[in-house]
Structures are given as C-alpha cells and as structure tokens.
C-alpha cells in the first residue's frame, strides 16, 4: 500500500505517537541536538544519511532515498526491511492510520 491510499493523517494523534515511540531517540525542533537518532528538522526533501553532525550507518547513506510522504510511509512500516543495516531499532508501525498520523505530525513539526 502507498501513501496515496493511506487514510488522512491527524497531526495531534501523530504527536502522541512521536512522543511515545520516537522522542526517546529523535528531536524535531530546529537547532535541537541529535540524540540516539538524528534531529528530524528539515526531513522532507532531504536525502537519507545526510544530516550534518550525525554519524549514520553506511546503509542509510548508501540507500540515498529522498524523504517524503511516500518513502516515509514505506520506511515506517518496516525500517529494517526498507534499509537493511539501519541503526534504527524501531520495529515500525504496522497500522496505516498510525503511519499517516506520524507523517502528518512530522510534516507539520519539521518544516
């Protein structure tokens, strides 16, 4: 399934998902530091493995995917399948609604 087939995302629900499943390793605010994972500010339109000051796995750099709704929707289903060798230990979000909500929140909070 692709992002175009996903249900509409809810920013507030996405924020809750981010706080419970992502915020222990990621920040979204401009100028916020990296944690276990990179700061996600400016994520949309950026190539994987290119955030300044973060040490990525070779897998993330070599994937060279441009992050957007479609690529994030697929990645967040199963990160280790999408980028074998990624350092991200998160197992993914199986529910299309949760992925759509998280993407809506990320789009709103990282631009």
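Cβ atoms are placed via backbone N, Cα and C, with glycine included.
Features as listed in Swiss-Prot:
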MOD_RES   1  N-acetylalanine
BINDING   22, 25, 26, 88  heme c binding site
MOD_RES   80  N6,N6,N6-trimethyllysine
MOD_RES   94  N6,N6,N6-trimethyllysine
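Features as recorded by Swiss-Prot, highlighted on the structure.
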residue	record	Cβ contacts under 8 Å, 6 or more apart
1	N-acetylalanine	96
22	heme c binding site	90, 102
25	heme c binding site	35, 36, 37, 88, 90
26	heme c binding site	18, 35, 37, 38, 39, 40
80	N6,N6,N6-trimethyllysine	86, 88, 91, 92
94	N6,N6,N6-trimethyllysine	77
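Within 8 A of the CB centroid of the heme c site residues 22, 25, 26, 88, the other residues of that chain are 21, 23, 24, 35, 36, 37, 40, 90.
Cβ contacts within 10 Å of residue 88 (heme c binding site), excluding its own Cβ and spanning all protein chains shown: 20. For the recorded site, residue 80 (N6,N6,N6-trimethyllysine), the DSSP three-state label reads helix.
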